[in-house]
Amino acid sequence: MTEPATVPETASEPSVTRNAEKSRYEIHLGDVSAGFTTFEPDDHGRLVFAHTVIDPAFGGRGLGTTLVAAAMADAAERGDIVVPECPFVVRYLENTDVPGLAVVWRQTADAAGSDAVDGSGDEAGGGRADRSGDASE
């Protein structure tokens, strides 16, 4: 059985890194891992974000939003096309404009079948994504 992580007293700002070897973005507070969001390239080279996890010990602090915001900004900078399947990533992109990010939306039924787990208390804010076409920027 794994133990939930504890927050180091000296931790200040969370840091997000891209771990290409594990196909995920990770969020840390100091040296402690607080969560991750996974991505896998599909047959067209687009990045499918299917799963986001925040350790329950870190829930309610907005770390899921911080993690996904950094991952989407990095994907936009890299010129990646994102396919959101994780319900948390879907909600984030529905409510937030990420400059330069190309998004391909799956059918709502496909996203509802995802096994994603999101952090409690995390909320996204901002603009909203256009779901009328195949891709939006």
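Just so you know, glycine gets a Cβ as well, placed from its N, Cα and C.
What TrEMBL records for 128-137 is compositional bias 'Basic and acidic residues'.
A mean pLDDT of 97 is what the model gives for the domain 'N-acetyltransferase' (17-106). The feature domain 'N-acetyltransferase' is assigned by TrEMBL to 17-106.
Positions annotated as region 'Disordered' by TrEMBL: 1-21 (among others).
Residues annotated as region 'Disordered' in TrEMBL: 112-137 (among others).
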Residues of the domain 'N-acetyltransferase' (17-106) by DSSP state, where helix covers H, G and I: 31 helix, 34 strand, 25 coil
